[in-house]
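The block underneath contains the structure these notes are about, expressed in structure tokens.
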Amino acid sequence: MATAAAAAAAAAFSPLRRRLPLHHRGRRLLAVAAALSPEPPAPTPTTSPPPPPRKGYFPKRNEVLELTCEGLAFKGKGVCRVDGSTFVLLCDGALPGERLLARVRRIRRGAFAEAAKLRTLEPHRDAVDAPCPLAADCGGCKAQSLAYAAQIRHKHLQVRELLVNFGKFDPRKMESSEPDAILKPIVPCDEIFRYRNKMEFSFGTKRWMQREWKEEKDDEVVKEEKVEGDGYSLGLHAPGFFDKVLHVEKCLLQSEPADKVLAIVQETWLDPALGLTPYDVHKHVGFLKHLMIRTGRNITTGAPEVMVNFVTSCYKPELLEPLVNNITKIPEVVSIMNNVNTSVGNTSVGEEEYTLYGKPTITEMLRGLTFQISANSFFQTNTKQADVLYKLIGESAGLKGDGSEIILDLFCGTGTIGLTLARRAKHVYGYEVVPEAIADAKKNAKLNGISNATFVQGDLNKINETFGKEFPKPDIIISDPNRPGMHMKLIKWLLEVKAPRIVYVSCNPATCARDLDYLCHGVEEKDLKGCYELKTVIPVDMFPHTPHIECICVLELC
């Protein structure tokens, strides 16, 4: 199937393949994608047979081509081909079923290519009007023009194909229509807009406008990048640029109170009389670096609480005073912070933090617990869907509820998963590399009166033979790694400790499929034998209109 080819292509570009040289990665993509290509329909008496595929065809750099998109790959790139060719081109912004004009940008050692979409020739099968006029250029939620039902269908398919092709699991056990199937139906998100509780915008000296394309007589397509001179901007970085910012007046992903804050900042900061300047990433001069807006809830009333955080290059509160005075007119704003970052880097975390108005934290509720969120705290970005996710994790953990079980929470972050399970467990041990996250986890445990949780700062990619001696053997292990997945040292330790149940929570289905393969089927070159059986995989859509997929996987000891 074409969709299968797309999912296979998705896997080839994941971190799962980054250990391979680039040319091996490309050849793998071509082989898998070609093997799963749709068979051409048999000719009928009334139709002429299609032209044979041009198997030896390779595009040239800067060549303009008509492409057909067959599916979605890793990071949401469209898997495209020229009609009659087996050659794969990855094109950002292309959606399944769409015919488009694109310009070849890079040739990856003759195995595949990357192309830039110029314009749509024929819309895709599930086309809808994107409500945001910047959707095609911003890059933050570029699938807005694809119907949501189609979005989650393609995400589910991608998980399935990765489990089959890279996890090496039986495809017959992946059919979600069967009651005993391993792969369950994807859990959609009820709110597909206004779901983010945190947005970070950047101040810039160069205002990047929407792309325009001009066709010349020789059929070449030239990119015209419109920049309003040195016009200042506040918004999101243009895809692929660190120094150009797409001016954003409102964002449909953040809360309405947060949009009010953004609007007031936009109305105020460009007033020349205030003397506010954006930070220049080339000259390393200027004052304003970032604007971060977070939304929480008052635990008593349930009303929204908004924190505004200005990241600046130095501490000059008098320059921010006009902004503070205007922003505090919004009743939902309860906190205005100033993080001072004197480094030339682009991080939003400051070396010093000052409270300009209100309190230094906001609160949020999750699975009946209260969490205090500071300007730089990690917290699940989609609160309502996180509640759904954590409920499923709790069910997947299968706790007896008698307080007899030990839980090991790996990559615990600020402790949210472990704390939601702690009251039904004997003890929770959480490990996380980021010291600030561990500090927040301890605060959250104290805030909620939870005394049976211990949080330890440590790098799980660098564990040694002493790891595991400081806590009892776990009955249940929760592992929630970041996108690269789990290190081989940790895989080896898990296969040695043999906990009865592992709940693997993944934000990257490609590395998830790899790690599940190791845990269930072993690693031959490392002489490791798998000792787990994969029971269920539940995909959860946390971020509509984006390519991101969360998965909850349950493994039981064989």
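Every residue, even glycine, has its Cβ placed from backbone N, Cα and C.
Under 8 Å, Cβ to Cβ, and six or more positions away along its own chain, C507 (active site, nucleophile) finds N482, R483, H548, I549, E550. Taken from TrEMBL, the feature active site, nucleophile applies to C507.
The S-adenosyl-L-methionine binding site annotation in TrEMBL covers Q380, F411, E432, D480. Here F411 (S-adenosyl-L-methionine binding site) comes close to Y431, E432, L460, S479, D480, P481, N482: these same-chain residues lie at least six apart in sequence, with C-beta atoms under 8 angstroms from its C-beta.
The annotation compositional bias 'Pro residues' is assigned in TrEMBL to 38-54.
What TrEMBL lists as domain 'TRAM' is 58-117.
Taken from TrEMBL, the feature region 'Disordered' applies to 34-58.
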Using DSSP, break the domain 'TRAM' (58-117) down into helix, strand and coil residues and give each count.
3 helix, 34 strand, 23 coil
Let me know the largest Cα to Cα distance in Å among the S-adenosyl-L-methionine-binding residues Q380, F411, E432, D480, as an integer.
16
Take the mean position of the Cβ atoms of Q380, F411, E432, D480, the recorded S-adenosyl-L-methionine site. Which other residues of that chain put their Cβ within 8 Å of it?
F378, D409, C412, G413, T414, T416, I417, A437, P481, N482, V505
Per-residue pLDDT averaged over the domain 'TRAM' (58-117) comes to what?
87
Across all the protein chains here, work out how many other Cβ atoms are within 10 Å of the Cβ of Q380 (S-adenosyl-L-methionine binding site).
22
Taking 10 A as the limit, how many CB atoms besides its own sit near the CB of E432 (S-adenosyl-L-methionine binding site)?
25
